[in-house]
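Q: My questions all concern the structure below.
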């Protein structure tokens, strides 16, 4: 009884390792191609005209942020500038 359980666990372990290796091999080409894909997406998003940055969005100057938000100089994010209005 104990031997059959051990053999079953060993077979399941081998099958798991085999399936994992096959999956890694299958997914390997996708991982090599992904940096080029990400760079092309980055170029697309940088080329678009952007709206104002909302609360806690990254910024470099106050004009990047929406109304009533200002760019904090230390961490470069949009935060409330203390003004009220419509």
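Glycine too: its Cβ is placed from the backbone N, Cα and C atoms.
Okay, these came from Swiss-Prot:
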type     : residues : note
SIGNAL   : 1-21     : signal peptide
DISULFID : 52-66    : disulfide bond
DISULFID : 59-71    : disulfide bond
DISULFID : 65-78    : disulfide bond
MOD_RES  : 84       : phenylalanine amide
Q: Hey, which of the disulfide-bonded residues 52, 59, 65, 71, 78 is the loneliest by Cβ count within 10 Å?
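A: Across 52, 59, 65, 71, 78, these disulfide-bonded residues, the one with fewest Cβ atoms within 10 Å is 52.
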Q: How many other Cβ atoms sit within 10 Å of the Cβ of the residue listed as 'phenylalanine amide'?
A: 6
Q: At the level of the C-alpha atoms, what whole-angstrom distance separates residue 52 (disulfide bond) and residue 65 (disulfide bond)?
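A: Spelling it out, the Cα of residue 52 (disulfide bond) and the Cα of residue 65 (disulfide bond) are 5 Å apart.
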Q: Give me the CA-CA distance between residue 65 (disulfide bond) and residue 71 (disulfide bond), in Å, as a whole number.
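A: Cα-Cα distance, residue 65 (disulfide bond) to residue 71 (disulfide bond): 7 Å.
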Q: Where the distance is taken from Cα to Cα, which of the recorded positions 59, 78, 84 turns out closest to residue 66 (disulfide bond)?
A: 78
Q: I'd like the number of other C-beta atoms within 10 A of the C-beta of residue 66 (disulfide bond), please.
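A: Result for residue 66 (disulfide bond): 12 neighbouring Cβ atoms inside 10 Å.
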Q: How many whole Å apart are the CA atoms of residue 59 (disulfide bond) and residue 84 (phenylalanine amide)?
A: 21
Q: Between residue 84 (phenylalanine amide) and residue 78 (disulfide bond), how far is it from one CA atom to the other, in Å?
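A: Cα to Cα, residue 84 (phenylalanine amide) and residue 78 (disulfide bond) are separated by 16 Å.
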Q: Could you round the CA separation between residue 78 (disulfide bond) and residue 71 (disulfide bond) to a whole angstrom and send it over?
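A: Just about 5 Å between their Cα atoms.
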